[in-house]
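Contents: one structure, followed by commentary.
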Amino acid sequence: MPVFKTPFNGYSVKFSPFYENRIAVATAQNFGILGNGRLHVLELSSNPSLPITELIAYDTADGVYDVTWSESHDSVVVAAVADGSVKLYDLALPPTSNPIRSFHEHTREVHSADYNPVRRDSFLSASWDDTVKLWTVDRPTSVRTFKEHAYCVYSAVWNPRHADVFASASGDCTLRIWDVREPGSTMILPAHDHEILSCDWNKYDECIIATASVDKSIKVWDVRSFRVPISVLNGHSYAVRKVKFSPHVRNLMVSCSYDMSVCVWDFMVEDALVSRYDHHTEFAVGVDMSVLVEGLIASTGWDELAYVWQHGTDPRAS
């Protein structure tokens, strides 16, 4: 599969849940420390030998750290921005009409955004201000703020089976499970001894969740019995930045790391590392698996490159 060169450093990549040939890439200038951001929406050709083309790009005054697609409108994306804002863009409208919404309640960088796949009208934002916020598209202010973490919240992810349940991963070394109908978190899991940078729910078992940490490991947990992880995956040589379960295979997951690699794992077997891809030349910080095409993976990193490839093939091969 071909590669797309972004002008800024890649931070996050997400496949569209509606179009198998469309991805969004969040980028930030100067490694996200200072400068502008740009959100790219890219089209993949049905012919792997043809290049990836840019459908549209949106510029921001600050870096874009994450992006998530609306689950109800095929043209809407949500961007998590370094200035503490959450911005909604509608590809169907002219650039001058965008962003269609800009929510600015977080007091520090917004690091993660995730759209509710069950209810489809709400989304989460997680911030370095130690909070998670719940939003709906039609309300000008957040529905609720979740404040229990003692440090940056790097990731907040909806459970794929339960409309009211989500998990949050924090630099305070805990994973918390929340039910929006409850006043506080329903579970606190001291999952690692170091910062937790990412978490994701299994798409086939609503009780299984993975955490990825600065300690270089990925742990898989069953929330019904979380004293000991189901599996501990070691193989990355630096902090694991992102972990995602496969939408198609129960035991399969993908991760990316500051060691510049993207790894595919089967957490139920002893030799869990299935594949290792070393196509990035800088920190690999964004990875996703397509819901619509089995085995299709996308990654992005600080080398300003976004790759899309079929699992089992060389991402650098044209």
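The count begins at 1 with the first shown residue.
Backbone N, Cα and C define each Cβ position, glycine as well.
According to TrEMBL, the protein has these features:
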REPEAT    103-145  repeat 'WD'
REPEAT    146-188  repeat 'WD'
DOMAIN    152-265  domain 'EIPR1-like beta-propeller'
REPEAT    189-231  repeat 'WD'
REPEAT    233-275  repeat 'WD'
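Under 8 Å from some Cβ of the repeat 'WD' (233-275) lie the Cβ atoms of residues 195, 197-205, 210-220, 281-291, 294-295, 297, 299, 301, 311-312, 315, all in the same chain and six or more residues away from its ends. As a whole-number mean, the pLDDT of the domain 'EIPR1-like beta-propeller' (152-265) in this prediction is 98.
Sorting each residue of the domain 'EIPR1-like beta-propeller' (152-265) by its DSSP state yields 0 helix, 58 strand, 56 coil. For the repeat 'WD' (103-145), same-chain residues at least 6 beyond its ends with a Cβ under 8 Å from one of its own Cβ atoms are 17, 65-72, 76, 78-88, 151-163, 166, 168, 170, 178, 180.
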